[in-house]
Every structure is written in C-alpha cells, then in structure tokens.
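Asks: One structure follows; several queries about it will come next.
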Amino acid sequence: MARLTKRRQADTKAIQHLWAAIEIIRNQKQIANIDRITKYMSRVHGMHPKETTRQLSLAVKDGLIVETLTVGCKGSKAGIEQEGYWLPGDEIDWETENHDWYCFECHLPGEVLICDLCFRVYHSKCLSDEFRLRDSSSPWQCPVCRSIKKKNTNKQEMGTYLRFIVSRMKERAIDLNKKGKDNKHPMYRRLVHSAVDVPTIQEKVNEGKYRSYEEFKADAQLLLHNTVIFYGADSEQADIARMLYKDTCHELDELQLCKNCFYLSNARPDNWFCYPCIPNHELVWAKMKGFGFWPAKVMQKEDNQVDVRFFGHHHQRAWIPSENIQDITVNIHRLHVKRSMGWKKACDELELHQRFLREGRFWKSKNEDRGEEEAESSISSTSNEQLKVTQEPRAKKGRRNQSVEPKKEEPEPETEAVSSSQEIPTMPQPIEKVSVSTQTKKLSASSPRMLHRSTQTTNDGVCQSMCHDKYTKIFNDFKDRMKSDHKRETERVVREALEKLRSEMEEEKRQAVNKAVANMQGEMDRKCKQVKEKCKEEFVEEIKKLATQHKQLISQTKKKQWCYNCEEEAMYHCCWNTSYCSIKCQQEHWHAEHKRTCRRKR
C-alpha cells in the first residue's frame, strides 16, 4: 500500500559539516557540546547559530548524530552534566533499510512517496500528473519501475550498444574519479542507500544483467543522485555527474533514433556513413547559414526544423529550417553551389550511398562477413586451380605451333603506331601495274629482265621517298597534337592542385581562427572570473576596514563627555551626569531646570 512518510529532514551538506565539527572537537579531547559546534560552524562555514541548532536537532531525529549527557572532567565545567554529540557507530543496522531517504528526482529530504517495487522515493511535487498517487490503498510504482516493466529488448543486441555508451562514460568519468574518491568514507553509507559507480555499471553490462535501456539509464541517474547527496548540489563533482548523465541520455536518445547509425558511428568501419539504414533515411540538400547546399541524411523532423547529418569528412549534425531543405532529386544547377574539394568528396560519398541503396548492400555483422569471406576464398581458390589446369596445355600447344611455323606471320608495318583517326596513304596503282608486268616478262628473255629490274629499283626508291615524307608529316602532326594535349592536361592538373591547396588553406585558416577565438574567449572568461574574485575580496576587505573604523569611532565617542544642553563636547563638570561645554549653556540649563535637580554639594 502506498504511503507518504518523512524519511529524513536534515540537509545532507549540513550533516557532513556537523560530522566534521564533532570529529574535530572530539579529536581535541573535548566534549562536542552545542557551544563548540556552533562556534565551529560559524567560523568555518558561516552558518548562523540558530540554523546550526536547527540542523543539529533534525540530524538527531534522523539518527545521523547521537545525543548524550556527558559529565565534564576538567576545566570550569568539571563535574557538570552537559549535552554532548557523537557520530553514529556501527550499532545501527543500516543494511535493513529497504528504501532511500532522499527524493530520487530533486535529491532533497522531506515527505516522500515510497515505491512498492524498488528502493526509490519521490516527493509528490516532483512527480508528473501521470505518476502521482491516485489511490492510497493501492500499490504505487515509481516512474523508473514502470518504464523498465514496459520494455522488452534483445539482450545480446542491447549489450553491444551499451558497451559503446559505457566506454564513453568511462572517458567522461575520469574527472569524477579524480575529484571524488570519498565513497570509502566511513559515513558514506549513512547518506547513500545504493552505491554505484561506472565500473559497476560496466560489469553489469558485460554480464548482461540489464533488461532494458531504461534500467541502464536509471543506474546513470542513481550515480548522479548519490553524487549530489554526498558532495552537494553546487559542488564540482555534481556538475561532472550532471554532464555525465546528460551525455548518457543523449546517447540513448540517439540509439532510439536509429540503431544502425548509432552502431556504425561507434564501430566506424570503412565507408560507414554510406551503408543504408533500416528504414532508409531521406536524402536532401541542406543549407546552413553562411554555407551553400550540401548533401545530407534526415535524422528527424520537429515542427519547422529538420535534424540532418551531412555527408563529407566530419559528418556533422545540425538543425536546419525546413525552407532551407531541398529534395535530393533537385537539379544541382538550380542550387548554385560552390564546388569545393570538400563538397566533391561529400557528393562522392552520396553517390556511393546511392549505389549501396540500389544494390541492396547493408552492413552485416562480423560472423556473416567471416562466413561469406571463407566461402568466397574457397570458390576463388578452386577457380584458380581450374584456370591453371586449363591454361597450361594451351601454352604448350602454342609453343609447338611456333616451332613448326616460326616465320608464318609477317612483321607488322610501322603504321600501327599511328592513331585510328589518321588516314594512312596507300601505294600508287600504276607502280603496282608496272611491277606486275615486268615480273610476267621474266620468262621471255634476259634483256627485258634486266630492264625490269632497273625500272623496279627506280620505282621503289620513288615510293620510299614519298612514303617517308607523308609519314614524317603525319608523325609531326601527331607529335604537335600530343604536346598540346599534354600542355592542357598539365594546366588542368596544376589548376586543380591550386584549388585544392586553396581550399585546404581556407579550412586551416578557419580552424585556426575558431581555435584562436575559443582560446581568447576562454582567456577572457578566466580574466573576468579573476577580476570578479579580486573585486569581491577587495570589497570584503573594505567592509571589514570600515567596520573596524566605525567600531573605533564608537569607542572614542563613548569615552567622551557631552554637554547636557547643546550636546557638544563638554568641558565643565557639574554633577554626576551633567556637564557643559560653556558657562552660557550652564546658566541656561541651570535657570531652566537643573537648579531643582542638581546633586552637587554646595
């Protein structure tokens, strides 16, 4: 049955200050009475004696401080009974407490509502309308228990995702471990009901003890709860714990948004941003203020804003107004973009992503990849062996054919070096006719044979000279064309290299400027903080100095005598409480009233 009860009332930070005061006083072999405790709290922590007394009485009611009657054994109070205060010892069984003492939401004491399933307690005002108590006769479950009860998730899959989150929690919890290592403090368990830290959370993740993401989130919130209770809401440790919890909630939100993106962004395989998700993200052209349109994936939409993640090197996230979003099918020439090297790389990544979409290529787990690789390797090895077997006989047969007919093929002419666009000149037809006619007359007589040989030699020389001139001209033209093409290619390469260098220099310049601005801002903040602290110290010193001067003036004023008639500094004494600054004032006061009340002996 649900019920409201006051578990504790004292402030946790005040309790720790009181513990320190009692411990210091006891170490000095003195009784920790109310006077010594109030003096210590006023001197060290600036707490008013009335507030100290109130917090001390509440701590006694909460059982966090033990009150006894002690008899003094030395000094002015020897033999006199006086109230003394002690730290609680091990006689109290703290392990039997089933519920926390402080609200899980605001971390403060007071009247709380107790959960029937777990150790958590809440103030009624800290609960939303959905979780507030409706009927006191029925059992009540806290928001954490209700959220854990709703979810059912694959443990193996959840463990993979939670390991990424825990690894980031460990990185961010380094400062928390440096700043706060008091969980071994003897009084730690008097304030913290259920202790937890990042190594404990990691161990539970590795052992698969979490049943849902909400249960993991509850442990992260418990870490924040314990830190605020033990170190205080305004402590540096509490700020680190808040940041750790906020980052953990952000990681869980990203996981719920898209599990594929969350896994790939943490595992970071090659081309991880190009793999399609299930379901696929909408592809758009997004335009940030001060930049042109850039290819991006839509992560979520909220009101008139669109959360996108850009293609490119850094894969940055941004909220873009919906009017600055264009569909990916829009013609790129209508967008008027500046085609820098970074933009081209982003478009290349977009094309690869679209190709993966067309091919239905999704990211697979390591076990599936190993199976496919083994199958492919076995198939490739078998095909390579078959290829070797089929190729070896062909090579031997070719060698036998070459040994039988070594000179069957004629050498190719030099015209093979000319490109296919050139026209190769042919031999003149009349020369071929002369050579044929002379060859047919060889059988008739020897004198015509000699004439034919001389004619053929002359014609062959003329043909060779004509071919040489034409081929020389063709090769010269081809050489000039190659030079011009080479020049144009060189200019293009140089131009692209200059553009790349310019874009890289602009990027480095922008990063340097941003870094310098951030450093200057940090330095300015540090200087402002120093100036504020210095002004505050000077102000306090000035107040102390003025108070001292005022006290001295009051003391000097009290030591003087003053005229009863005009209140100026007196010079003439009349009687026990009457003095005057001049004879005139004495006479005026004497005739007015003093002659009837003067006690001076005459």
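These residue numbers are counts, starting from 1, taken along the chain as shown.
Quick reminder: no glycine exception, Cβ is built from N, Cα and C everywhere.
Residues or ranges marked as zinc finger by Swiss-Prot: 100-148, 563-598. What Swiss-Prot lists as domain 'Bromo' is 149-255, and the listing cites sequence analysis. Positions annotated as Zn(2+) binding site by Swiss-Prot: CYS258, CYS261, CYS277, HIS281. Among the features that Swiss-Prot reports, domain 'PWWP' is placed at 280-331, with the record citing sequence analysis. Annotated region 'Disordered' per Swiss-Prot: 366-459, in sequence order. Taken from Swiss-Prot, the feature compositional bias 'Polar residues' applies to 435-459. Under the heading region 'Interaction with human adenovirus E1A', Swiss-Prot lists 452-572. The Zn(2+) 1 binding site annotation in Swiss-Prot covers CYS563, CYS566, CYS581, CYS585. The annotation Zn(2+) 2 binding site is assigned in Swiss-Prot to CYS574, CYS575, HIS594, CYS598.
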Asks: Taking 10 A as the limit, how many CB atoms besides its own sit near the CB of HIS281 (Zn(2+) binding site)?
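Replies: Other Cβ atoms found within 10 Å: 18.
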Asks: Pull the DSSP breakdown for the zinc finger (100-148) and write it out as helix, strand, coil residue counts.
Replies: 6 helix, 6 strand, 37 coil
Asks: Other residues near the Zn(2+) 2 site, CB within 8 A of the CB centroid of CYS574, CYS575, HIS594, CYS598?
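Replies: Other same-chain residues near the Zn(2+) 2 site: THR578, HIS589, TRP590, LYS595, THR597, ARG599, ARG600.
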Asks: Give the sequence-ordered set of same-chain residues, not counting CYS258, CYS261, CYS277, HIS281, with Cβ within 8 Å of the centre of the Cβ atoms defining the Zn(2+) site.
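Replies: Neighbours found: LEU257, ASN260, ASN280, LYS297, MET299.
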Asks: In whole Å, how far is CYS585 (Zn(2+) 1 binding site) from CYS598 (Zn(2+) 2 binding site) when you measure between their Cα atoms?
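Replies: With distance taken Cα to Cα, CYS585 (Zn(2+) 1 binding site) is 15 Å from CYS598 (Zn(2+) 2 binding site).
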Asks: Per DSSP, what is the residue count of the domain 'Bromo' (149-255) in each of helix, strand and coil?
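Replies: Helix, strand and coil residues of the domain 'Bromo' (149-255) number 81 helix, 0 strand, 26 coil.
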Asks: Which of CYS277, CYS563, CYS575, CYS581 has the fewest nearby Cβ atoms, counting only those within 10 Å, among these binding-site residues?
Replies: CYS575
Asks: Quick one: pull the CA-CA distance for CYS574 (Zn(2+) 2 binding site) versus CYS563 (Zn(2+) 1 binding site), whole Å only.
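Replies: Just about 10 Å between their Cα atoms.
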Asks: According to DSSP, does CYS575 (Zn(2+) 2 binding site) fall in a helix, a strand, or coil?
Replies: strand
Asks: Can you tell me the CA-to-CA distance separating CYS575 (Zn(2+) 2 binding site) and CYS563 (Zn(2+) 1 binding site), as a whole number of Å?
Replies: 12
Asks: Mean pLDDT for the domain 'PWWP' (280-331), rounded to an integer?
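Replies: Its mean pLDDT is 89.
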Asks: Hey, how far is CYS563 (Zn(2+) 1 binding site) from CYS258 (Zn(2+) binding site), Cα to Cα, in Å?
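Replies: If we compare the Cα positions of CYS563 (Zn(2+) 1 binding site) and CYS258 (Zn(2+) binding site), the gap is 90 Å.
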Asks: Whose Cβ lies within 8 Å of the mean position of the Cβ atoms of CYS563, CYS566, CYS581, CYS585, the Zn(2+) 1 site, other than those residues?
Replies: TYR564, ASN565, GLU567, GLU568, ALA570, TYR580, SER582, LYS584
Asks: Count the residues of the domain 'PWWP' (280-331) that DSSP assigns to helix (H, G, I), to strand (E, B) and to coil, and report the three numbers in that order.
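Replies: The composition, in the requested order, is 3 helix, 29 strand, 20 coil.
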Asks: Going by Cα-Cα distance, which of the binding-site residues (CYS566, CYS581, HIS594) sits nearest to CYS277 (Zn(2+) binding site)?
Replies: CYS566
Asks: Of CYS258, CYS261, HIS281, HIS594, which is closest to CYS585 (Zn(2+) 1 binding site) if I measure between C-alpha atoms? They're all binding-site residues.
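Replies: Going through CYS258, CYS261, HIS281, HIS594 one by one, the Cα closest to that of CYS585 (Zn(2+) 1 binding site) is HIS594.
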